[in-house]
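Feature annotations, reproduced from TrEMBL:
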DOMAIN    B:13-229  domain 'Radical SAM core'
BINDING   B:CYS27, B:CYS31, B:CYS34  [4Fe-4S] cluster binding site
Amino acid sequence: METIALSADARPRLSPHFMFRWEASQDAYILLYPEGLIKLNLSAGEILKRCDGERTVAAIVADLQAAFPGHGEEIAASVRAFVDLACDKGWLRT
Amino acid sequence: MPKETGGLSLDGQGKPLWLSLELTYRCPLKCSWCNNPLDFEDYAAKELSTEEWKKVLRESRELGALQLGFTGGEPLQRPDLEELVAYADSLGFYTNLITSGIGLGEERLIALKNAGLKQIQLSLQATRADVTDALVGARAHARKLEAGRLIKAHGFPMVLNMPVFRQNIGMTGEMIEWAAGLGIEYLEFANIQYYNWALMNRDELMPTLEQVRDAEKVVQQWRDRLGKKMTIYFVIPDYYEGRPKACMNGWGAIHLTIAPDGVAMPCQEARVIPGLEFESVRDRPLAWIWHESPLFRKYRGLDWLPEPCGSCAEKEKDFGGCRCQAFLLTGDAGNTDPACSRSPRHQVVQDAVDAVARPLRFRKPLVRRAAGAMSTAFLET
Ligand code: SF4
Ligand code: SF4
(Lines of atoms letter the chains of each structure in order from A and count residues from 1; the text may use other names and numbers.)
(Lines give C-alpha, C1' and ligand atoms only; values in the text may rest on other atoms or scores of the structure.)
(Ligands and ions follow the chains in the order given, each with its own letter.)
Protein backbone atom coordinates (compact mmCIF):
# COMPACT_ATOMS: atom_id res chain seq x y z
CA MET A 1 0.00 0.00 0.00
CA GLU A 2 1.18 3.48 -0.82
CA THR A 3 1.70 5.44 2.36
CA ILE A 4 0.69 9.05 2.38
CA ALA A 5 2.96 11.28 4.40
CA LEU A 6 0.70 11.92 7.35
CA SER A 7 1.57 14.97 9.37
CA ALA A 8 1.14 14.94 13.13
CA ASP A 9 -1.09 18.01 13.00
CA ALA A 10 -3.52 16.60 10.43
CA ARG A 11 -7.07 16.48 11.81
CA PRO A 12 -8.71 13.35 10.42
CA ARG A 13 -12.48 13.17 10.31
CA LEU A 14 -15.00 10.68 9.03
CA SER A 15 -15.77 10.98 5.32
CA PRO A 16 -19.22 12.23 4.46
CA HIS A 17 -21.82 9.46 4.08
CA PHE A 18 -19.99 7.19 6.51
CA MET A 19 -21.74 6.15 9.67
CA PHE A 20 -19.66 5.09 12.65
CA ARG A 21 -21.29 3.65 15.72
CA TRP A 22 -21.32 0.99 18.37
CA GLU A 23 -23.31 -2.10 17.40
CA ALA A 24 -24.39 -4.25 20.30
CA SER A 25 -25.16 -7.32 18.16
CA GLN A 26 -21.55 -7.32 16.96
CA ASP A 27 -20.09 -6.25 20.29
CA ALA A 28 -17.96 -3.86 18.25
CA TYR A 29 -17.74 -0.50 16.56
CA ILE A 30 -18.86 -0.63 12.96
CA LEU A 31 -18.60 1.55 9.89
CA LEU A 32 -21.55 1.68 7.53
CA TYR A 33 -21.39 3.30 4.12
CA PRO A 34 -23.02 2.97 0.71
CA GLU A 35 -23.19 -0.77 0.00
CA GLY A 36 -20.61 -1.59 2.61
CA LEU A 37 -20.01 -2.54 6.18
CA ILE A 38 -16.87 -2.92 8.24
CA LYS A 39 -16.57 -4.34 11.70
CA LEU A 40 -13.72 -2.66 13.49
CA ASN A 41 -11.42 -4.32 15.95
CA LEU A 42 -11.04 -2.80 19.37
CA SER A 43 -8.09 -0.53 18.67
CA ALA A 44 -9.44 0.64 15.30
CA GLY A 45 -12.70 1.55 17.04
CA GLU A 46 -10.91 3.50 19.77
CA ILE A 47 -8.89 5.42 17.17
CA LEU A 48 -11.84 6.17 14.90
CA LYS A 49 -13.91 7.38 17.83
CA ARG A 50 -11.35 10.15 18.27
CA CYS A 51 -11.16 11.18 14.60
CA ASP A 52 -13.57 14.08 14.98
CA GLY A 53 -11.88 16.66 12.77
CA GLU A 54 -10.92 18.60 15.92
CA ARG A 55 -8.14 16.49 17.34
CA THR A 56 -4.80 16.27 15.56
CA VAL A 57 -3.10 12.92 15.01
CA ALA A 58 -0.66 13.88 17.77
CA ALA A 59 -3.55 14.62 20.13
CA ILE A 60 -5.21 11.31 19.31
CA VAL A 61 -1.98 9.48 20.11
CA ALA A 62 -1.57 11.36 23.40
CA ASP A 63 -5.19 10.72 24.31
CA LEU A 64 -4.91 6.99 23.69
CA GLN A 65 -1.59 6.77 25.51
CA ALA A 66 -3.28 8.31 28.54
CA ALA A 67 -6.23 5.92 28.25
CA PHE A 68 -4.09 2.81 27.73
CA PRO A 69 -0.86 3.45 29.67
CA GLY A 70 2.24 1.38 29.06
CA HIS A 71 1.90 1.02 25.26
CA GLY A 72 3.40 4.33 24.18
CA GLU A 73 5.30 3.41 21.01
CA GLU A 74 2.87 0.74 19.96
CA ILE A 75 -0.03 3.19 20.09
CA ALA A 76 1.81 5.86 18.14
CA ALA A 77 2.65 3.37 15.42
CA SER A 78 -0.79 1.84 15.18
CA VAL A 79 -2.58 5.21 15.06
CA ARG A 80 -0.40 6.22 12.14
CA ALA A 81 -0.89 2.91 10.39
CA PHE A 82 -4.64 2.95 10.89
CA VAL A 83 -5.19 6.56 9.89
CA ASP A 84 -3.08 5.94 6.78
CA LEU A 85 -5.13 2.91 5.88
CA ALA A 86 -8.44 4.61 6.63
CA CYS A 87 -7.51 7.62 4.49
CA ASP A 88 -6.40 5.34 1.70
CA LYS A 89 -9.66 3.41 1.87
CA GLY A 90 -11.62 6.63 1.92
CA TRP A 91 -13.12 6.20 5.39
CA LEU A 92 -11.30 9.23 6.75
CA ARG A 93 -10.39 12.61 5.31
CA THR A 94 -7.69 14.90 6.59
CA MET B 1 -23.25 -6.67 -2.94
CA PRO B 2 -20.49 -6.73 -0.29
CA LYS B 3 -17.68 -4.80 -1.92
CA GLU B 4 -15.47 -4.55 1.13
CA THR B 5 -15.05 -8.08 2.30
CA GLY B 6 -11.28 -7.67 2.58
CA GLY B 7 -11.59 -4.93 5.22
CA LEU B 8 -10.71 -5.36 8.83
CA SER B 9 -13.23 -8.11 9.20
CA LEU B 10 -16.58 -9.08 7.84
CA ASP B 11 -17.86 -12.18 9.45
CA GLY B 12 -21.58 -12.53 9.65
CA GLN B 13 -21.26 -14.93 12.60
CA GLY B 14 -24.46 -16.44 11.36
CA LYS B 15 -26.26 -13.10 11.16
CA PRO B 16 -28.15 -11.80 8.12
CA LEU B 17 -26.12 -8.59 7.87
CA TRP B 18 -27.58 -7.71 4.50
CA LEU B 19 -31.32 -7.39 4.14
CA SER B 20 -33.04 -6.76 0.81
CA LEU B 21 -36.72 -5.96 0.79
CA GLU B 22 -38.40 -6.42 -2.56
CA LEU B 23 -41.27 -4.11 -1.72
CA THR B 24 -43.10 -4.80 -4.96
CA TYR B 25 -42.54 -6.33 -8.40
CA ARG B 26 -44.61 -3.59 -9.99
CA CYS B 27 -42.52 -1.42 -12.28
CA PRO B 28 -43.26 0.99 -15.13
CA LEU B 29 -40.32 -0.34 -17.17
CA LYS B 30 -39.91 -3.50 -19.25
CA CYS B 31 -36.25 -4.39 -19.12
CA SER B 32 -35.32 -7.54 -21.02
CA TRP B 33 -32.77 -8.48 -18.33
CA CYS B 34 -35.10 -8.00 -15.37
CA ASN B 35 -34.45 -10.63 -12.71
CA ASN B 36 -37.96 -10.49 -11.29
CA PRO B 37 -39.92 -13.72 -11.69
CA LEU B 38 -41.58 -14.33 -15.03
CA ASP B 39 -44.97 -14.39 -13.28
CA PHE B 40 -44.34 -11.09 -11.52
CA GLU B 41 -47.91 -9.88 -12.14
CA ASP B 42 -49.28 -12.41 -9.69
CA TYR B 43 -47.56 -10.75 -6.74
CA ALA B 44 -49.34 -7.39 -6.82
CA ALA B 45 -52.33 -8.63 -4.84
CA LYS B 46 -50.17 -10.41 -2.28
CA GLU B 47 -47.82 -7.60 -1.25
CA LEU B 48 -47.11 -7.18 2.46
CA SER B 49 -48.83 -4.26 4.17
CA THR B 50 -46.95 -1.41 5.80
CA GLU B 51 -47.35 -3.00 9.23
CA GLU B 52 -46.16 -6.37 7.93
CA TRP B 53 -43.02 -4.78 6.46
CA LYS B 54 -42.38 -3.03 9.78
CA LYS B 55 -42.54 -6.36 11.53
CA VAL B 56 -39.98 -7.74 9.06
CA LEU B 57 -37.72 -4.79 9.83
CA ARG B 58 -37.98 -5.32 13.59
CA GLU B 59 -37.39 -9.04 13.39
CA SER B 60 -34.42 -8.78 11.05
CA ARG B 61 -32.82 -6.06 13.12
CA GLU B 62 -33.11 -8.38 16.11
CA LEU B 63 -31.27 -10.99 14.05
CA GLY B 64 -28.42 -8.50 13.56
CA ALA B 65 -29.22 -7.07 10.10
CA LEU B 66 -27.43 -3.76 9.40
CA GLN B 67 -27.45 -2.90 5.72
CA LEU B 68 -30.84 -2.54 4.15
CA GLY B 69 -31.77 -2.23 0.49
CA PHE B 70 -35.26 -1.24 -0.60
CA THR B 71 -35.65 -2.75 -4.01
CA GLY B 72 -38.21 -4.26 -6.36
CA GLY B 73 -39.60 -3.96 -9.02
CA GLU B 74 -39.65 -0.23 -8.51
CA PRO B 75 -39.86 0.50 -4.77
CA LEU B 76 -41.14 4.02 -5.44
CA GLN B 77 -44.39 2.38 -6.53
CA ARG B 78 -45.08 1.93 -2.80
CA PRO B 79 -46.54 5.11 -1.30
CA ASP B 80 -45.39 3.95 2.15
CA LEU B 81 -41.69 3.90 1.16
CA GLU B 82 -40.93 7.05 3.18
CA GLU B 83 -42.64 5.61 6.24
CA LEU B 84 -40.68 2.38 5.96
CA VAL B 85 -37.38 4.23 5.50
CA ALA B 86 -38.05 6.32 8.59
CA TYR B 87 -38.91 3.26 10.62
CA ALA B 88 -35.82 1.37 9.43
CA ASP B 89 -33.64 4.38 10.20
CA SER B 90 -35.01 4.56 13.73
CA LEU B 91 -34.08 0.91 14.23
CA GLY B 92 -30.46 1.57 13.26
CA PHE B 93 -30.36 0.32 9.66
CA TYR B 94 -28.21 1.94 6.99
CA THR B 95 -30.89 2.50 4.36
CA ASN B 96 -30.29 2.24 0.61
CA LEU B 97 -32.81 2.76 -2.18
CA ILE B 98 -32.36 0.84 -5.42
CA THR B 99 -34.37 2.56 -8.10
CA SER B 100 -34.85 3.07 -11.82
CA GLY B 101 -35.42 6.74 -11.04
CA ILE B 102 -38.95 6.67 -12.46
CA GLY B 103 -41.17 8.40 -9.94
CA LEU B 104 -38.35 10.10 -8.06
CA GLY B 105 -39.43 13.72 -8.11
CA GLU B 106 -38.06 16.42 -5.86
CA GLU B 107 -40.88 16.20 -3.35
CA ARG B 108 -40.34 12.50 -2.71
CA LEU B 109 -36.60 12.93 -2.63
CA ILE B 110 -36.89 15.52 0.13
CA ALA B 111 -39.34 13.33 2.03
CA LEU B 112 -36.92 10.39 1.75
CA LYS B 113 -34.05 12.53 2.95
CA ASN B 114 -36.08 13.64 5.94
CA ALA B 115 -36.97 10.04 6.62
CA GLY B 116 -33.25 9.28 6.98
CA LEU B 117 -32.46 7.60 3.66
CA LYS B 118 -28.68 7.31 3.37
CA GLN B 119 -27.90 6.27 -0.17
CA ILE B 120 -29.48 5.87 -3.59
CA GLN B 121 -28.54 3.46 -6.32
CA LEU B 122 -29.83 4.66 -9.67
CA SER B 123 -29.81 2.52 -12.78
CA LEU B 124 -28.97 4.00 -16.16
CA GLN B 125 -28.51 1.88 -19.26
CA ALA B 126 -26.92 4.26 -21.74
CA THR B 127 -25.72 7.81 -22.28
CA ARG B 128 -28.08 8.27 -25.23
CA ALA B 129 -31.82 8.62 -24.89
CA ASP B 130 -32.71 6.48 -27.90
CA VAL B 131 -30.61 3.59 -26.59
CA THR B 132 -31.89 3.76 -23.00
CA ASP B 133 -35.50 4.11 -24.08
CA ALA B 134 -35.31 1.17 -26.45
CA LEU B 135 -33.65 -0.98 -23.80
CA VAL B 136 -36.13 -0.31 -21.00
CA GLY B 137 -39.15 -0.18 -23.30
CA ALA B 138 -40.29 3.27 -22.21
CA ARG B 139 -39.39 6.93 -22.52
CA ALA B 140 -37.28 6.88 -19.40
CA HIS B 141 -33.88 8.38 -20.24
CA ALA B 142 -34.68 12.03 -19.55
CA ARG B 143 -36.42 11.11 -16.29
CA LYS B 144 -33.44 9.07 -15.16
CA LEU B 145 -31.02 11.93 -15.88
CA GLU B 146 -33.25 14.31 -13.99
CA ALA B 147 -33.41 11.88 -11.07
CA GLY B 148 -29.60 11.66 -11.07
CA ARG B 149 -29.27 15.43 -11.00
CA LEU B 150 -31.76 15.74 -8.15
CA ILE B 151 -30.08 13.00 -6.12
CA LYS B 152 -26.77 14.86 -6.29
CA ALA B 153 -28.40 18.25 -5.70
CA HIS B 154 -29.86 16.92 -2.46
CA GLY B 155 -26.53 15.65 -1.23
CA PHE B 156 -27.11 11.92 -1.36
CA PRO B 157 -24.20 9.61 -2.05
CA MET B 158 -25.07 7.78 -5.19
CA VAL B 159 -24.17 4.55 -6.86
CA LEU B 160 -24.83 4.74 -10.56
CA ASN B 161 -25.54 1.26 -11.78
CA MET B 162 -25.20 0.41 -15.44
CA PRO B 163 -26.31 -3.11 -16.25
CA VAL B 164 -23.93 -4.23 -18.97
CA PHE B 165 -24.73 -6.23 -22.07
CA ARG B 166 -23.80 -6.28 -25.72
CA GLN B 167 -26.08 -3.36 -26.58
CA ASN B 168 -24.36 -0.85 -24.29
CA ILE B 169 -20.94 -2.20 -23.36
CA GLY B 170 -19.33 0.13 -25.92
CA MET B 171 -20.59 3.12 -23.92
CA THR B 172 -18.50 2.37 -20.86
CA GLY B 173 -16.16 5.35 -21.37
CA GLU B 174 -18.95 7.83 -22.08
CA MET B 175 -20.80 6.67 -19.01
CA ILE B 176 -17.78 7.23 -16.77
CA GLU B 177 -17.27 10.67 -18.24
CA TRP B 178 -20.89 11.62 -17.65
CA ALA B 179 -20.86 10.28 -14.09
CA ALA B 180 -17.62 12.09 -13.29
CA GLY B 181 -19.15 15.35 -14.54
CA LEU B 182 -22.02 14.90 -12.12
CA GLY B 183 -19.72 14.15 -9.17
CA ILE B 184 -20.99 10.61 -8.67
CA GLU B 185 -18.87 8.70 -6.14
CA TYR B 186 -19.55 5.11 -7.12
CA LEU B 187 -20.10 3.71 -10.56
CA GLU B 188 -20.94 0.10 -10.95
CA PHE B 189 -20.83 -1.78 -14.22
CA ALA B 190 -22.94 -4.77 -13.46
CA ASN B 191 -22.49 -7.55 -15.94
CA ILE B 192 -25.96 -8.95 -15.72
CA GLN B 193 -26.62 -12.39 -14.34
CA TYR B 194 -28.59 -14.65 -16.58
CA TYR B 195 -31.74 -15.58 -14.70
CA ASN B 196 -35.41 -15.19 -15.55
CA TRP B 197 -35.91 -12.55 -18.29
CA ALA B 198 -32.17 -12.20 -18.79
CA LEU B 199 -31.75 -15.92 -19.36
CA MET B 200 -34.55 -15.86 -21.91
CA ASN B 201 -32.61 -13.17 -23.79
CA ARG B 202 -29.14 -14.46 -23.07
CA ASP B 203 -27.94 -15.01 -26.62
CA GLU B 204 -28.88 -11.48 -27.58
CA LEU B 205 -27.59 -9.80 -24.43
CA MET B 206 -24.32 -11.51 -23.63
CA PRO B 207 -21.29 -9.49 -24.77
CA THR B 208 -18.33 -11.22 -26.41
CA LEU B 209 -15.15 -11.77 -24.45
CA GLU B 210 -13.45 -9.24 -26.70
CA GLN B 211 -16.02 -6.59 -25.82
CA VAL B 212 -15.58 -7.34 -22.13
CA ARG B 213 -11.80 -7.02 -22.36
CA ASP B 214 -12.05 -3.74 -24.28
CA ALA B 215 -14.42 -2.31 -21.69
CA GLU B 216 -12.09 -3.43 -18.95
CA LYS B 217 -9.26 -1.49 -20.55
CA VAL B 218 -11.38 1.64 -20.80
CA VAL B 219 -12.34 1.31 -17.14
CA GLN B 220 -8.69 0.99 -16.14
CA GLN B 221 -7.72 4.12 -18.07
CA TRP B 222 -10.44 6.10 -16.34
CA ARG B 223 -9.53 4.73 -12.92
CA ASP B 224 -5.99 5.99 -13.44
CA ARG B 225 -7.28 9.35 -14.56
CA LEU B 226 -9.89 9.89 -11.84
CA GLY B 227 -8.01 8.42 -8.89
CA LYS B 228 -10.00 8.51 -5.70
CA LYS B 229 -12.72 10.80 -6.99
CA MET B 230 -14.77 7.86 -8.14
CA THR B 231 -14.83 4.20 -7.29
CA ILE B 232 -15.56 2.13 -10.38
CA TYR B 233 -16.70 -1.45 -10.00
CA PHE B 234 -16.44 -3.68 -13.01
CA VAL B 235 -17.15 -7.33 -12.59
CA ILE B 236 -16.45 -9.75 -15.42
CA PRO B 237 -19.32 -12.12 -16.14
CA ASP B 238 -18.62 -15.46 -14.56
CA TYR B 239 -19.29 -17.18 -17.89
CA TYR B 240 -15.87 -15.88 -18.94
CA GLU B 241 -13.93 -16.33 -15.76
CA GLY B 242 -13.68 -20.08 -15.42
CA ARG B 243 -14.64 -19.64 -11.78
CA PRO B 244 -18.06 -19.00 -10.31
CA LYS B 245 -19.07 -16.03 -8.18
CA ALA B 246 -18.96 -16.44 -4.44
CA CYS B 247 -22.69 -16.10 -4.70
CA MET B 248 -24.18 -14.09 -1.80
CA ASN B 249 -21.09 -15.02 0.27
CA GLY B 250 -22.64 -18.44 0.56
CA TRP B 251 -26.23 -19.62 0.92
CA GLY B 252 -27.85 -18.32 4.10
CA ALA B 253 -24.56 -16.76 5.25
CA ILE B 254 -25.10 -13.00 5.40
CA HIS B 255 -27.87 -12.22 2.87
CA LEU B 256 -31.58 -12.28 3.42
CA THR B 257 -34.13 -11.23 0.82
CA ILE B 258 -37.84 -10.83 1.40
CA ALA B 259 -40.12 -11.03 -1.64
CA PRO B 260 -43.21 -8.81 -2.01
CA ASP B 261 -45.41 -11.58 -0.60
CA GLY B 262 -43.22 -12.04 2.47
CA VAL B 263 -41.37 -15.14 1.31
CA ALA B 264 -37.84 -15.19 2.74
CA MET B 265 -35.05 -16.21 0.37
CA PRO B 266 -31.28 -16.65 0.59
CA CYS B 267 -31.02 -14.68 -2.67
CA GLN B 268 -33.34 -12.86 -5.04
CA GLU B 269 -33.41 -15.68 -7.53
CA ALA B 270 -33.89 -18.65 -5.23
CA ARG B 271 -37.49 -19.18 -6.25
CA VAL B 272 -36.42 -20.50 -9.64
CA ILE B 273 -35.28 -23.67 -7.85
CA PRO B 274 -38.12 -26.17 -7.68
CA GLY B 275 -38.69 -28.44 -4.72
CA LEU B 276 -37.59 -25.98 -2.05
CA GLU B 277 -39.98 -25.22 0.79
CA PHE B 278 -40.40 -21.46 0.92
CA GLU B 279 -41.78 -19.86 4.05
CA SER B 280 -43.44 -16.48 4.42
CA VAL B 281 -42.93 -14.06 7.29
CA ARG B 282 -46.71 -14.06 7.41
CA ASP B 283 -46.66 -17.62 8.75
CA ARG B 284 -43.40 -18.01 10.65
CA PRO B 285 -41.07 -15.96 12.85
CA LEU B 286 -38.15 -14.69 10.80
CA ALA B 287 -35.65 -16.05 13.33
CA TRP B 288 -36.96 -19.55 12.74
CA ILE B 289 -36.87 -19.13 8.96
CA TRP B 290 -33.28 -17.86 9.03
CA HIS B 291 -31.83 -20.27 11.56
CA GLU B 292 -33.96 -23.39 11.34
CA SER B 293 -35.93 -23.65 8.11
CA PRO B 294 -34.96 -26.46 5.74
CA LEU B 295 -34.65 -23.87 2.94
CA PHE B 296 -31.92 -21.83 4.62
CA ARG B 297 -30.12 -24.90 5.95
CA LYS B 298 -30.16 -26.75 2.66
CA TYR B 299 -26.97 -25.31 1.13
CA ARG B 300 -25.56 -23.48 4.14
CA GLY B 301 -21.88 -23.96 4.93
CA LEU B 302 -19.54 -26.32 3.11
CA ASP B 303 -20.54 -29.79 4.30
CA TRP B 304 -23.21 -30.37 1.66
CA LEU B 305 -20.88 -29.62 -1.28
CA PRO B 306 -20.68 -32.16 -4.10
CA GLU B 307 -17.51 -33.18 -5.90
CA PRO B 308 -15.35 -31.67 -7.32
CA CYS B 309 -16.03 -28.86 -4.80
CA GLY B 310 -15.83 -31.04 -1.69
CA SER B 311 -12.15 -31.77 -2.21
CA CYS B 312 -11.29 -28.44 -3.85
CA ALA B 313 -9.06 -25.89 -2.13
CA GLU B 314 -11.15 -23.01 -3.45
CA LYS B 315 -14.38 -23.96 -1.76
CA GLU B 316 -13.88 -21.46 1.07
CA LYS B 317 -13.59 -18.76 -1.56
CA ASP B 318 -16.62 -19.43 -3.77
CA PHE B 319 -18.75 -22.00 -1.86
CA GLY B 320 -19.20 -23.91 -5.11
CA GLY B 321 -20.81 -20.94 -6.83
CA CYS B 322 -24.44 -20.09 -7.44
CA ARG B 323 -27.24 -22.56 -6.64
CA CYS B 324 -29.68 -20.90 -9.01
CA GLN B 325 -27.26 -20.97 -11.91
CA ALA B 326 -26.45 -24.60 -11.13
CA PHE B 327 -30.14 -25.41 -11.34
CA LEU B 328 -30.90 -23.36 -14.43
CA LEU B 329 -27.99 -24.75 -16.43
CA THR B 330 -27.62 -28.30 -15.10
CA GLY B 331 -31.08 -29.08 -13.74
CA ASP B 332 -29.85 -29.68 -10.19
CA ALA B 333 -29.24 -26.85 -7.72
CA GLY B 334 -26.95 -29.13 -5.74
CA ASN B 335 -24.39 -29.40 -8.55
CA THR B 336 -21.17 -27.46 -8.85
CA ASP B 337 -21.90 -24.17 -10.61
CA PRO B 338 -21.15 -24.91 -14.28
CA ALA B 339 -19.39 -21.54 -14.60
CA CYS B 340 -16.49 -23.36 -12.96
CA SER B 341 -14.07 -24.94 -15.41
CA ARG B 342 -13.76 -27.90 -13.03
CA SER B 343 -17.47 -28.66 -13.23
CA PRO B 344 -18.22 -31.77 -15.28
CA ARG B 345 -21.03 -29.69 -16.83
CA HIS B 346 -18.85 -26.71 -17.75
CA GLN B 347 -19.56 -27.40 -21.43
CA VAL B 348 -23.02 -25.78 -21.17
CA VAL B 349 -21.38 -22.47 -20.27
CA GLN B 350 -18.76 -22.98 -22.95
CA ASP B 351 -21.52 -23.54 -25.52
CA ALA B 352 -23.24 -20.30 -24.53
CA VAL B 353 -19.97 -18.43 -24.87
CA ASP B 354 -19.31 -20.00 -28.29
CA ALA B 355 -22.79 -19.11 -29.48
CA VAL B 356 -22.12 -15.47 -28.68
CA ALA B 357 -18.78 -15.45 -30.48
CA ARG B 358 -20.21 -16.88 -33.72
CA PRO B 359 -20.03 -13.91 -36.10
CA LEU B 360 -23.03 -14.38 -38.38
CA ARG B 361 -26.05 -15.30 -36.41
CA PHE B 362 -29.68 -14.78 -36.79
CA ARG B 363 -30.58 -12.10 -34.24
CA LYS B 364 -33.82 -12.37 -32.37
CA PRO B 365 -35.60 -9.35 -30.97
CA LEU B 366 -35.27 -8.98 -27.20
CA VAL B 367 -38.19 -10.25 -25.20
CA ARG B 368 -39.38 -7.47 -22.95
CA ARG B 369 -40.58 -7.99 -19.45
CA ALA B 370 -44.29 -8.04 -20.18
CA ALA B 371 -46.50 -5.69 -18.26
CA GLY B 372 -49.86 -6.62 -16.89
CA ALA B 373 -49.96 -5.50 -13.31
CA MET B 374 -50.21 -1.83 -14.20
CA SER B 375 -50.73 0.49 -17.10
CA THR B 376 -47.56 1.68 -18.75
CA ALA B 377 -49.34 3.33 -21.66
CA PHE B 378 -48.19 6.82 -20.67
CA LEU B 379 -44.57 5.78 -21.03
CA GLU B 380 -44.76 3.79 -24.29
CA THR B 381 -42.10 4.53 -26.84
S1 SF4 C 1 -34.94 -4.45 -14.21
FE2 SF4 C 1 -36.20 -2.92 -15.25
S3 SF4 C 1 -38.23 -3.84 -15.37
FE4 SF4 C 1 -37.10 -5.02 -13.81
S5 SF4 C 1 -37.59 -4.01 -11.88
FE6 SF4 C 1 -35.73 -3.08 -12.64
S7 SF4 C 1 -36.37 -1.27 -13.79
FE8 SF4 C 1 -38.17 -2.59 -13.53
S1 SF4 D 1 -14.63 -26.99 -8.04
FE2 SF4 D 1 -16.17 -26.04 -6.74
S3 SF4 D 1 -15.02 -25.14 -5.01
FE4 SF4 D 1 -13.53 -25.62 -6.66
S5 SF4 D 1 -13.32 -23.70 -7.81
FE6 SF4 D 1 -14.92 -24.93 -8.85
S7 SF4 D 1 -16.86 -24.24 -7.91
FE8 SF4 D 1 -15.20 -23.53 -6.58
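Just so you know, glycine gets a Cβ as well, placed from its N, Cα and C.
Keep in mind the model is a prediction, meaning the values are calculated, not measured.
A map of TrEMBL features onto the structure.
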residue : record                        : CB count, 10 Å
B:CYS27 : [4Fe-4S] cluster binding site : 26
B:CYS31 : [4Fe-4S] cluster binding site : 24
B:CYS34 : [4Fe-4S] cluster binding site : 24
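Summary of the [4Fe-4S] cluster site environment: with the site residues B:CYS27, B:CYS31, B:CYS34 set aside, the chain residues having Cβ atoms within 8 Å of the Cβ mean position are B:LEU29, B:LYS30, B:TRP33, B:ASN36, B:GLY73, B:SER100, B:VAL136, B:TRP197, B:ARG369. Under 8 angstroms separates no C-beta among the binding-site residues B:CYS27, B:CYS31, B:CYS34 from a C-beta of chain A. In the three-state DSSP classification, B:CYS34 ([4Fe-4S] cluster binding site) falls within coil. According to its DSSP assignment, B:CYS27 ([4Fe-4S] cluster binding site) is coil.
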